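These come from Swiss-Prot:
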DOMAIN    1-62  domain 'TGS'
REGION    240-538  region 'Catalytic'
BINDING   334, 385, 515  Zn(2+) binding site
């Protein structure tokens, strides 16, 4: 027997008998043999003891590789399973996942594991790690595993998904589990780890399945990396809009009433209203006609648009109204704006026709994907569509992009890049079938960006089903890539809906439709702002811009109300805290609620017609006249908006 192993640099090593991954690594270099934690064999991750006896391509994995971290974290998950099963014999284990985010294990137990129990489980894992117990890789008959897990519905479910008679499994003493690509050869290799949190998760992500408990953790080869990761996670937790939304009473979601359906509390509604008014004013100033259109539409419109064929899985089921009428909750606003266009006969003099709306939409998101305001089932999109002549496309594109950049400047959004999103040429079935249209529109989009001299990346497979688009990708406060804005060229929908305009030649022509979103949905945008600002919104956005605290309600309450009225009539959002609480407590509460200005009013202030001002985040108190404070807060508001 003779075979060759091809290395990443193209070189080959010849062997005349079966060898393990570790032996291949050692044959390359003794140091590599010691550093190896696994390998990619023909693209698949394999453990160190995996045997090779034929021609293969191989890339050795060490602790320097991302796959090495995955192997480490999978081993940590396996070790957690072993100690958890020993501590709670009645515990049933579900699926386990290890990736760039760490690892998690789904568990089922009558009395759920409390987060306060995690340190005890960590100690058990540390003891197991110090013992350096061997982890044995075995290939077992599927039937043997089925018998072993016959009373475990979760493992039985997972085994049903395996179509091979042989299954890779791992043993640690009497404990056995399967579903791992590769694990380290003993527990002593796990090094630095942390159990992080617990959460609920439906089995296999389906809301019709039982709710299990998901235990999250992470692991690293180096202690410094673990410490840095934990620091990053603390920052993420501090910025999480769901936590801030709860603490500042901005919004809530009650799964019992409806998962993915947020309720906006007064403060959250105020922030949203300020953003919406800002957006509408900017768009109207830019020539857009703002409209309102119904959230329900005849299903035939979505069959014509192609949404029903290409987007059905993300739409709610249609409502049968009888007599053949089928109504659909709209997942997108474009067919509605097309009806606005079609309502009148259009001439070239009407173009560009810019239609905009804060349009409410509904999309069927799986319950497991829902998250705060970022992933919801009901959303309001800052949507707009421009109908143009062909020779107006590039100038309109530039105009829309300028509007987006102006908005970004006002909200201080600086961390972004441009992505041209094309269809996937290898999977054209999910797109509108017109090669000429795709080539033409992709070329026009690219040309518009090149004419503006802007850098961009190109991404195949990220286009909408009806046309290519420019996506503006922002970096969230939590470090995630997110599409904030889009500009999209569409030759398809005007054709499908028979849109026309009368040209200068008196003949009918087909307009081009430009879809655009400036800040996406209100829900996602406000989640983004909440995390960027950590809930400390700039004064122009803050739900309460000034909090007035009278030292004594009886003595100073009337003056406090006078100051409130004076500020309110100038358009500032101001409240009086006249609760029967200690003044120090009320001041701390104002700071906790991240109110930009706290005004304390006592005898001195009432006598002089002044206010004692404390800015959020400082301990400094400054006494000034009410007029001076009004000038200060007015300048502050204008410094964050286009008014200055």
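For all residues, glycine too, the Cβ spot is worked out from N, Cα and C.
Within 10 Å of the Cβ of residue 385 (Zn(2+) binding site) there are 24 other Cβ atoms, across all protein chains. When DSSP labels each residue, the domain 'TGS' (1-62) comes out as 14 helix, 28 strand, 20 coil, counted as helix, strand and coil in that order.
A simple way to gauge crowding: the CB of residue 515 (Zn(2+) binding site) has 23 other CB atoms within 10 angstroms, across all the protein chains here. Residue 334 (Zn(2+) binding site) carries a helical DSSP state (H, G or I). Those residues of the chain, other than 334, 385, 515, with a C-beta within 8 angstroms of the mean position of the Zn(2+) site C-beta atoms are 332, 333, 337, 338, 383, 384, 488, 490, 493, 513, 514, 516.
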